[in-house]
Amino acid sequence: MNPVHRDFFDGGAGEERTLRDNEAAFRRRRIIPRVLRGTGPRDLRTTVLGTDLSMPLLIAPTAFHLLAHPAGEAGTAQAARSAGVAMVVSMAATQPIEQIADTGAALWFQLYPQPDLDFQARLLERVTKAGVEGIVVTVDSPVLGTRTRDLRNGFTDLPPGLACRNMDGRDIAMDDRLGWPHIDRLRRATDLPLVLKGILHPADAALAVTHGADAVIVSNHGGRQLDGAIATLDALPAVLDAVGGRVPVLIDGGIRTGTDILVALALGATATLVGRPVVDGLARAGAPGVRETLETLRAQLDHALALAGAQRPAELSPDLIA
Ligand SMILES: Cc1cc2nc3c(=O)[nH]c(=O)nc-3n(C[C@H](O)[C@H](O)[C@H](O)COP(=O)(O)O)c2cc1C
Ligand SMILES: CCCCCCC(=O)C(=O)O
């Protein structure tokens, strides 16, 4: 890959403290396994907001897949379909939603709330018609994070010929006036499950539920927004307390292995999302590369469950984690 584009995918905001800390938070945890549980073959299947998953993992929304590989977002979706997981399609996808949906993958669509409400309504209608099963509203981006590597590299625009194909020629607006009334409006605008992505503070998690969110994603945008923000795994317990089981709580950021997934689930997450490892798989080998990433995570999770003494994710509990 062009090293400038590699930096775009790999990089974070500021000094990249949060980017590093997301992974470090998982490495700080240890598993206290149970023994003699007679698990037999494991069953990793789960359902989140009506979407069936072959394991508790979704592909996190990431921008510009055509920069990583000519297969683009459709290649990622093809792998998601064959692995039986869902893909959250970024609003900054470089292929049309209809082309991505043609793969038959289970899709959710990620939205940055747009100040042009007519355009936003048309976009919601379009992605709903294409068959997406959920809307993921990213709420951690009133402004774009300071992407140190992109600034250093002068990466400001997509190369000629590439564009955000679901934006009808518009730029994606990040809007620093966004507030809960925008979420209320979105809640009224769609019957699809509405998921808020980018929740870290427990008070916001509670507000998300009262404003009608069907799930929240504990996320710091992979360390690309507020550098110094808490690692997602460290934020998870307080968010779970605030939500109190009323809606599923998902998590992303720093998940690199099946044992990381096990740790997140044991601490109470319903499912996990993975960003950069999927892009890495795409860059390496297109759809088969993404499939390899997903199957590696599946095999690791299955193995870790066997060794920790759980047959299925629902059997995991916080006492297994130190
Ligand atoms: C290259 C890249 C592009 C991203 N683009 C988006 C995006 O368009 N919308 C969004 O909500 N989050 C975006 N994210 C954040 C991811 O959805 C996710 O929160 C993060 O990547 C999870 O961390 P991980 O990469 O450590 O797994 C992006 C992340 C990366 C690395
Ligand atoms: C002005 C919007 C550019 C797309 C941002 C994609 C993204 O979220 C990222 O982390 O990169």
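Using the three backbone atoms N, Cα and C, a Cβ is placed for every residue, glycine included.
Curation does not apply to TrEMBL; its annotations are automatic.
The candidate list Arg147, Arg187, Arg188 contains one residue that TrEMBL assigns to the glyoxylate site with Tyr112, His221, Arg224, namely Arg147. Looking at Asp252 (FMN binding site) and His221 (glyoxylate binding site), their Cα atoms lie 8 Å from each other. Looking at the residues that bind glyoxylate per the record, Tyr112, Arg147, His221, Arg224, the two CA atoms farthest apart are separated by 18 Å.
Here Gln110 (FMN binding site) is compared against the binding-site residues Arg147, His221, Arg224, and the shortest C-alpha distance is to His221. Listed binding-site residues: Pro61, Tyr112, Arg147, His221. Those with a CB atom under 6 Å from ligand 1: Pro61, His221. Only Ala63 of the binding-site residues listed as Pro61, Ala63, Gln110, Lys197, Arg256 bring a Cβ under 6 Å of any atom of ligand 2; the order follows the sequence. Counting in whole angstrom, Arg276 (FMN binding site) lies 11 from His221 (glyoxylate binding site) by their C-alpha atoms.
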